[in-house]
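Undergrad: TrEMBL feature annotations, pasted as is:
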TRANSMEM  B:30-47  transmembrane segment
TRANSMEM  B:53-73  transmembrane segment
TRANSMEM  B:80-99  transmembrane segment
TRANSMEM  B:131-151  transmembrane segment
TRANSMEM  B:182-202  transmembrane segment
TRANSMEM  B:208-226  transmembrane segment
TRANSMEM  B:233-250  transmembrane segment
TRANSMEM  B:256-276  transmembrane segment
């Protein structure tokens with residue numbers, strides 16, 4: 001969660017009261033004067049559009065340029081449905097949202113798993129193509145001239161005429177609803193997943209969350225909200241033409257979002273204010289305006305996503321360091337948790353938990369893993385050593401699904417998991433950490449650990465977005481579990497600190513805690529000790545001992561042979577892609593090839 | 001035959017632009033969203049100077065200069081501040097806006113066309129082929145081929161590849177990475193300008209055309225495989241062929257829409273590019 005939710009807007013109640021109060025005050029202030037009414041309505045619509053863009057760009061970090069097209073699609077769709085099919089506005093507005101979100105789905109479906117720059121290309125392409133369609137498809141959009149015959153919405157005898165105070169009130173109601181929704185998302189597990197997607201997608205992979213699904217969901221939701229903004233716009237102006245959905249409008253939207261503060265709740269509100277100010281100034285700049293806008297885009301993109309809201313939040317934080325209150329874990333939940341993890345479900349202790357059968361991993365001409373066979377018994381702690389490039393991490397990746405083996409099979413709890421995606425394997429009970437730390441820097445430690453519990457969330461994305469009762473209950477129990485786990489690993493007093501502020505060793509241990517949230521049967525740690533101080537390493541050894549007592553099956557890669565020997569029941573050694581030794585630590589260290597792999601063959605011969 | 005000729009001349013006009021996009025992407029990891037604007041600026045420059053040899057050469061130099069300017073003002077600051085590639089990609093969008101606005105002030109907003117360099121025509125298989133078109137096709141092909149050879153066959157290209165793959169390492173070996181970035185952006189700007197000059201030589205340009213050209217070239221590069229220059233060139237042929245077919249048999253009003261659909265389908269089926277035969281999926 002951003003600074004804001006922790007500081008400025010910490011009390012939920014304040015938002016539920018302050019936002020409607022501010023909107024009503026705005027109405028009272030603006031409704032007396034027709035120009036102010038016009039300005040406020042335009043601002044309200046801009047807010048809805050900016051908020052939709054902020055979700056996808058600010059929170060999720062997706063560089064989408066298509067929002068302006070969804071805005072246009074919403075406008076045309078609502079008008080078309082009314083003019084051609086006689087739909088009333090309370091149907092045509094949802095229809096506009098539906099059409100926009102369907103286009104969003106078509107757009108994101110082939111691209112959600114691609115790198116971010118390709119989403120930027122596709123969305124820019126869509127925005128440009130949409131402008132062509134708006135200008136050319138005469139039967140639906142009225143072509144370049146646009147549509148002049150738009151009926152203002154009405155209920156019974158009352159008409160909400162664009163520019164009237166009543167339409168302003170209607171728009172402000174939508175602002176309230178959208179604001180409430182984004183507030184709830186920013187508080188929920190969905191919001192945490194969005195921030196993880198933006199900052200550290202790997203953290204989602206480690207938590208068993210399918211990042212493509214999150215990207216899809218937020219993109220479609222944002223498309224729907226942009227469509228809503230478009231419908232509002234069409235019925236405000238009562239005239240629409242392609243210019244309203246042009247590239248220059250897109251630039252304004254981008255500026256409003258970034259200047260206001262991308263990825264913050266207040267950002268879109270501030271951004272719209274900034275935009276209105278810029279517009280007032282811009283009207284006096286004449287044709288200098290696009291130049292100023294363009295330069296602003298260059299500067300802001302180079303500097304990063306720090307807008308007005310973030311600056312304010314930082315200042316506020318320095319002035320009054322507020323600590324968020326978190327419902328503390330009760331002792332009852334802790335003991336329950338212990339039991340849960342002690343008995344991973346559906347395990348048969350008579351056969352090995354994990355079987356790697358003759359697995360080979362080949363990258364082009366390089367054979368990283370070559371015919372490795374390995375079995376792990378339930379409850380074992382196995383250490384894996386080997387020189388750099390021996391294929392240890394590749395073997396890990398083929399077990400956890402980050403890499404598909406060229407041949408061979410991987411069985412977990414008796415069944416092949418080769419066809420499962422990485423996040424599905426996490427759900428089956430294979431937790432892992434990566435060589436490089438993969439915490440989300442902007443979240444606190446406890447929030448990071450909570451990510452690991454997402455796969456057990458009862459509330460789906462929809463209920464998480466609405467932050468429903470079930471989602472809140474989920475959140476509370478998850479938070480209690482996460483705190484308990486951090487306590488267990490000796491990090492309880494740091495739980496509420498931001499991940500980026502923590503020392504390296506704490507970050508590594510937090511990743512283990514996050515993996516434990518998956519209730520794994522097997523935990524795979526990839527060099528958890530790398531870069532740790534002697535003290536931290538001692539702490540890590542204690543943690544692994546603790547995992548053993550929980551009867552977790554653990555496999556640890558590390559380069560420190562004596563460290564691995566001291567913590568493991570069994571040691572395996574890899575060299576040049578092959579498994580060259582497997583047995584009790586003291587025996588393995590005597591094997592000639594192991595000594596050879598570490599000290600050179602001559603030392604082995606002399607030894 | 002006319003169909004084939006249309007496709008070939010469209011491809012020849014687009015190819016430099018798409019190859020320029022690919023050069024810059026390979027070197028800097030950034031998509032140059034201002035390439036279309038550079039093309040249009042160059043086209044106006046050439047026409048303003050009479051569209052003779054002098055005008056064309058100045059226009060091409062202006063393109064190269066704009067590329068360098070863009071690198072210095074739009075890419076370098078972001079790079080020093082550690083901005084992600086996609087943010088710098090959006091920054092080039094800002095540059096495009098500035099360039100278009102400046103162009104509007106300097107050249108006015110009217111669309112423009114130029115007198116042909118050559119008169120006369122020749123009959124090829126029952127179709128009239130003007131000398132002008134023949135020259136345009138030749139220039140487009142030659143520029144694209146030269147740039148492709150420069151990158152794929154010479155030491156300059158290999159050094160650039162090294163800088164792109166691991167800049168700190170390349171620096172360690174004594175390569176002045178900054179100079180190679182500048183060179184890549186200069187070539188990218190030059191290529192964009194070439195497309196602009198060729199476009200105005202056979203059809204004419206307007207400010208609105210900049211996004212249009214950019215999108216066509218972008219789709220060509222991505223569909224073909226933007227990591228490779230030759231695959232990009234093949235992608236241009238594909239896009240031009242589709243464009244010519246659609247214009248002939250379906251519609252002349254919606255030019256970008258079918259091209260965009262091609263992009264979506266291609267990204268879904270072959271995200272690494274149709275003409276790249278690598279098994280590692282680069283874009284995931």
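Placed from the backbone N, Cα and C atoms, the Cβ positions cover glycine too.
From a predicted model like this one, the values you see are computed outputs, not experimental measurements.
Just tell me what is around each of these and how deep it sits.
TA: If you look at the transmembrane segment (B:131-151), the same-chain residues 6 or more away from its ends with a CB under 8 A from one of its CBs are 5, 8-9, 11-16, 19-20, 23, 26, 116-122, 157, 160-161, 187, 191, 194-195, 198, 201-202, 229-230, 233.
Note on the transmembrane segment (B:182-202): residues 9, 12-17, 19-21, 23-24, 26-28, 32, 35-36, 38-44, 46-47, 51, 56, 59-60, 62-68, 70-71, 75, 112-114, 116-117, 132-133, 135-136, 139-140, 143-144, 147, 150, 156, 160, 209, 213, 217 of its chain, located 6 or more positions outside it, place their CB under 8 angstroms from a CB of the stretch.
Outside the transmembrane segment (B:208-226) by six or more residues, the chain places 14, 17-18, 21-22, 25-26, 31, 33, 35-37, 39-40, 96, 100, 111, 195-196, 199, 232-236, 238-240, 243, 255-256, 259-260, 262-263, 266-267, 272-276 with a CB less than 8 A from a CB of the stretch.
Sequence-distant contacts of the transmembrane segment (B:256-276) (same chain, six or more residues past either end, CB-CB distance under 8 Å): 212, 215-216, 219, 222-228, 230-231, 234-235, 238-239, 242-243, 246, 250, 282-284.
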Undergrad: Six or more residues out from either end of the transmembrane segment (B:53-73), which same-chain residues have a Cβ under 8 Å from its Cβ atoms?
TA: 28, 32, 34, 38-39, 41-43, 45-47, 92, 95, 99, 181-182, 185-194, 196-197
Undergrad: For the transmembrane segment (B:233-250), what are the same-chain contacts with Cβ under 8 Å, counting residues 6+ beyond its ends?
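TA: That would be 3-4, 6-8, 10-11, 14-15, 18-19, 144, 148, 216-217, 219-225, 258-259, 262, 273-275.
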Undergrad: In terms of Cβ proximity under 8 Å, which residues at least six beyond the ends of the transmembrane segment (B:30-47) contact it?
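TA: Distant Cβ neighbours of the transmembrane segment (B:30-47) are 17, 20-21, 24, 55-56, 58-60, 62-63, 66-67, 70, 74-75, 85, 88-90, 92-93, 95-96, 99-100, 103, 106-107, 112-114, 188-189, 192-197, 199-200, 205-207, 209-215, 217-218.
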